Amino acid sequence: MAAEELVITNIRTTGTMWLLKALSQFLGWIYTLSWSASFYPQPWMNFRRKSAIGTTPAFPIFNVLGFACYSISTTLQYTSSLIRSQYRDRHNGVPNTVTGNDVAFAIHALFLSVITLSQFWSRLWGFEKRMPFFKLVGCGVWGLVTGAIVTIASFVLLVLLKGRDRGKDSTGWAWIDVVNTVGYVKLLVTVVKYVPQAWKNYERKSTVGWSIYQILLDVLGGILSIAQLVIDSSLQSDWSGITGNPIKLGLGQVSIFFDILFMVQHYILYRGKGKEGEDEDSGESRALLGNYEEADTK
């Protein structure tokens, strides 16, 4: 009787594990599709309006930097045997939880971010005339971009100069530290990139020109990403799968926080203030054009 109960228990456990693995894969692809789809509404809105006014250039700049870092980080963690081995050495033999859909999402997001950034060059897309791109971007933005690049380069040099076996030995400075640094740069960029847009919406008291659909898809992706991470860690019976992948966890949490903020701005605080396609799309449009035309006449 005890043997039969043990068999039944094992069958149930096996069935539960199979269902959780299937659910994890399903959530992984759904959040990948949601997050990937979230990059289309903004460039499509810009193209339809023939203008990128309403969106800060800082957002796509940080996106290009962030997703370049994320592409490098996830690709190496997924494909490099050295990085995977060093990760296991640092986490008691537990493998990382980076999946193929993480890599696919990162590369796709980088491509769409470049497209959106290019829309700030009005002549390239035939958009309405506005201030030159470099005048629209503050020194703080370029300072953060430069700082991020210098930080990554510094860690590369540190591993080459101070690492054991030129970074192959995980007990000292190793290439996994460079990969982690690149990932943390992405996390920092994610925290920072939403702030200029949230402030711009606050100043204008409007979200015209800022697509809410990208936010709705983004928040769905963030929730499902965290859910998949929890399931994967429970399957391994080791929650270091979460603590050992702070980039993925942090990205989901930060995205959800700002997504909620943008939804509050769009649906509650500034609801009905400005309509899509109106000439006043805002006074910002006239202000920018006015300043630019003034500059031309001087």
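Cβ from N, Cα, C; glycine included.
Curation does not apply to TrEMBL; its annotations are automatic.
As recorded in TrEMBL, the features of this protein are as follows:
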TRANSMEM  22-40  transmembrane segment
TRANSMEM  61-83  transmembrane segment
TRANSMEM  103-121  transmembrane segment
TRANSMEM  133-161  transmembrane segment
TRANSMEM  173-195  transmembrane segment
TRANSMEM  207-231  transmembrane segment
TRANSMEM  251-270  transmembrane segment
REGION    274-298  region 'Disordered'
Determine which residues of the chain contact the transmembrane segment (133-161) at the Cβ level, with the cut-off under 8 Å and only residues 6 or more beyond its ends counted.
57-58, 61-62, 65, 69, 120-121, 167, 173-175, 177-178, 181-182, 185, 188-189, 192, 196
Same-chain residues near the transmembrane segment (251-270), Cβ under 8 Å, at least 6 residues beyond its ends:
186-187, 190-191, 194, 197-198, 201-202, 205-207, 210, 212, 215-216, 218-219, 221-223, 225-226, 229
Positions on the same chain near the transmembrane segment (173-195), where near means CB under 8 A and six or more residues out
58-59, 62-63, 65-67, 69-70, 72-73, 76-77, 82-83, 86-87, 90, 144, 148, 151-152, 155-156, 158-159, 162-164, 167, 246-247, 250-251, 254-255, 258, 261-262
